[in-house]
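Chemist: Submitted below is the structure of interest, expressed as structure tokens.
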Amino acid sequence: MDFSSFLTSLGTSFLIFVVLMLLFAWLSRKPGNSVIYYPNRILKGMDPWEGGKRTRNPFAWIREAITSSRMTLFPCLALILLSLGILILSGIVLLLVLLPVAATDNNLKLSANSSTSNGTFNDLDKLSMGNVKANSERLWAFLIATYWVSFVTYYLSWKAYKHVSGLRAAALKSPDVKVEQFAVLVRDIPAVPEGKTRKEQVDSYFKGIYPDTFYRSMVVTDIKQVTKIWVKLEGYKKKLARAEAIYEQSKTTGSPEGKRPMNKTGFLGLVGKKVDSIEYYNEKINELIPKLEAEQKVTLREKQQASALVFFTSRVTAAAAGQSLHDQMVDSWTVIDAPEPRQIIWKNLLIKFYSREIRQYVVYIIVALTILFYMIPIGLISAVTTLKNLVKYLSFLKPIVEIVAIKTVLEAYLPQLALIIFLALLPKLLLYLSKAEGIPSQSHAVRAASGKYFYFTILNVFIGVTVGATLFDTFKTIEEDQPKEIVSILAKSLPSNATFFLTFVALKFFVGYGLELSRIVPLIIFHLKRKYLCKTETEVKEAWAPGDLGYVSRVPGDLLIITIVLCYSVIAPIILPFGVLYFGLGWLILRNQATSSIGEVKLVSCSVSFSIDALKVYVPSYESNGRMWPHIHVRLIGALLLYQVTMLGYFGVKEFRYTPFVIVLLILSLIFIFVCQKKFYRSFQSVPLEVASHELKESPNMEHIFRAYIPPSLSCEKDEEQFEDALSQVSRTTSSV
């Protein structure tokens, strides 16, 4: 990539961002679009626009985001703030000191085999560490800078950990009653003793340990079949509502009698007998209701499993039970804090202890193989999608590529776009694999998938792109002339690969955040669905439902950027302003998407959001009270370790005799991780008893708490009598259920 292509990439990315920002300012003021730009405020019955002023300044959102006194702190926003602080403090020193030191040396002119590979622009390489001669005294400046970045990261990440820990404690001390704070999840219950039911076994066990505060238990059942019937019933109810809406609409657009909708009963409604939709759906609903009720009774009485939810009248007791060892054998009576009812993955509660352990290792192997096999196509993408190689291997493209405008655009965007699209395919697979481990809650599965995606992006995007592109360009040299110089060649390629990551980061923050702010894709999809597909109010709401922040890909994406910028911060300091822009824009846009001046601050979330009641866009799907932060923190320090290893290798290539000083930083980073884990992690893993002991503003309604955990497929109009009847009349058994 030459210098003009680099400027074209930056210029067009910035232009796209400006256009998308203007579109947001214009479209967000249209009343018909408010459900896309302010959905959560509408769901809470609030006015979409601050102060009800729809005709306000189109850029007022920037002022509101900056000046909002009530700040929402999602984990990804906390990561953005931390990363922004690290890069700003590091950049002040590195840009002022290292750029002059590098620019005033002349290693690139003296060496024919410089760190700059063919196809890159020398002007920016002159500002990198590659322009400093081997074993030069100037390398002291880069060594000191390496220490500076490391200590800035230690200091700010420690402060951030303390801050987030305080926010978590404040949320858990809340005087509001939260149902999950009065329950624990029990798995791996032993075989039922002779003469007892499963429920009696669980009740007697926990009554004996917690006689004063035990309330009752709910035995987990296999709800696969009943859920299948319930889902089918709910589907027919939606279809009936849709058919009735179409029928009512036909009365206004056609004859007063209207036209009754018809449908075919075969596969996907495309084949089979044609019937009256309203009558057909009513028949199906009437058929399924008694089937559902019968299956609910069978499920509650005959499909009980070796798991249960146990409820206590005190949240201190529940917190103590959730972090205590209840049996001398770890594979029996396993007790953990109960997730929120909406978080529970019910099918995973049936999985036994050793099965979970085996599943976990199998998933790890599958993920490792996925990373290895993805390394091949990503390496090929990074190598083949360079313009030079496209022309070389696809010669028929040469006439098109030689057009100056097309050539400039392709050089600026092609490899980065190919990589971003390729990565978009992975998060759902990793989330599926995480759930397959037997994880009991949605937030835990998201944390696990997020971690897998982070390791994938580091190994395949950062390391894969660097190694793949370098090996592809220098393969013949390695094979024919210097097979023993592969490490040296890879290390020397680091400054030249910075140009790829500069444009990658620029594309992510200008185009990525521009699309997030404008929400142009959800807007188009919503209007198409509303015009051609939606017939009922429920369907319209489903069409504009925004969902949550998508932690599986968002957090690893931000961690990838901070990893790239850290690793190149000393080698090519010019990348630091791009990192600051990425996290600065991310902070501004997420403040707009997820904060409001109305509402009382509290900790909520998808995974870990510290937020208030009135988010503008995102609707948290569950709350885990900051549990994701330790995972974010340890991966951030992992990124710092990778940066220090990179600098250790590059100082070695530069033949700097004081290179071993970097080893001290590696040791300090490992000590820092250890201390942080010991000091903070336990309070994130479990609820501290001192925190749980704070008084509530009202006595908990234990029956309400108990019923909050009844799965939707087991609830019906008669659920109170049916559920109690099933629990009290479970037949006694002499065998393990």
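Don't overthink the numbers, they just go from 1 along the chain as shown.
Glycine residues also receive a Cβ, built from the backbone N, Cα and C atoms like all the rest.
From a predicted model like this one, the values you see are computed outputs, not experimental measurements.
So TrEMBL has the following annotated:
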DOMAIN    5-159  domain 'CSC1/OSCA1-like N-terminal transmembrane'
TRANSMEM  6-27  transmembrane segment
TRANSMEM  73-99  transmembrane segment
TRANSMEM  139-158  transmembrane segment
DOMAIN    181-348  domain 'CSC1/OSCA1-like cytosolic'
DOMAIN    359-595  domain 'CSC1/OSCA1-like 7TM region'
TRANSMEM  361-384  transmembrane segment
TRANSMEM  413-433  transmembrane segment
TRANSMEM  453-472  transmembrane segment
TRANSMEM  500-526  transmembrane segment
TRANSMEM  559-589  transmembrane segment
TRANSMEM  632-652  transmembrane segment
TRANSMEM  658-676  transmembrane segment
Chemist: If I count Cβ-Cβ pairs under 8 A between the transmembrane segment (559-589) and each of 6-27, 73-99, 139-158, 632-652, 658-676, which range comes out on top?
Modeler: 73-99
Chemist: Going through 73-99, 139-158, 500-526, 632-652, 658-676 one by one, which has the most CB pairs that fall under 8 Å from the transmembrane segment (6-27)?
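Modeler: Looking at each of 73-99, 139-158, 500-526, 632-652, 658-676 in turn, the most contacts to the transmembrane segment (6-27) are made by 500-526.
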Chemist: Have the transmembrane segment (632-652) and the transmembrane segment (500-526) got at least three CB pairs under 8 Å, pairs 6 or more apart in sequence?
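Modeler: Answer no, regions not in contact.
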Chemist: Which residues of the same chain, at least 6 past either end of the transmembrane segment (73-99), have a Cβ under 8 Å from a Cβ in it?
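Modeler: Sequence-remote neighbours of the transmembrane segment (73-99) are 127, 129, 141-142, 145, 148-149, 152-153, 156-157, 160, 163-164, 167, 549, 551, 554-555, 558-559, 561-562, 565-566, 569-570, 573-574, 576-577, 579-580, 583-584, 586-587, 590-591, 594, 605, 607-611, 626, 628-629, 632, 636.
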Chemist: So what pLDDT does the domain 'CSC1/OSCA1-like cytosolic' (181-348) average out to?
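Modeler: Reported value for the domain 'CSC1/OSCA1-like cytosolic' (181-348) is a mean pLDDT of 90.
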Chemist: State the residues, same chain only, that lie 6 or more residues beyond the ends of the transmembrane segment (139-158) and have a CB under 8 A from a CB inside it; answer 'none' if no residue qualifies.
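Modeler: For the transmembrane segment (139-158), the sequence-distant neighbours (Cβ-Cβ under 8 Å, at least 6 residues beyond its ends) are 82, 85-86, 89-90, 93-94, 97-98, 101, 129, 132, 566, 569-570, 633, 636-637, 640, 643-644, 647, 651, 654, 656, 658, 661-662, 665, 668-669, 672, 676.
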Chemist: What parts of the chain pack near the transmembrane segment (658-676), using Cβ distances under 8 Å and only residues at least 6 beyond its ends?
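Modeler: Residues 139-140, 143, 146-147, 150, 154, 157-158, 161, 633-634, 637, 640-641, 644-645, 647-648, 651-652 contact the transmembrane segment (658-676) from elsewhere in the chain.
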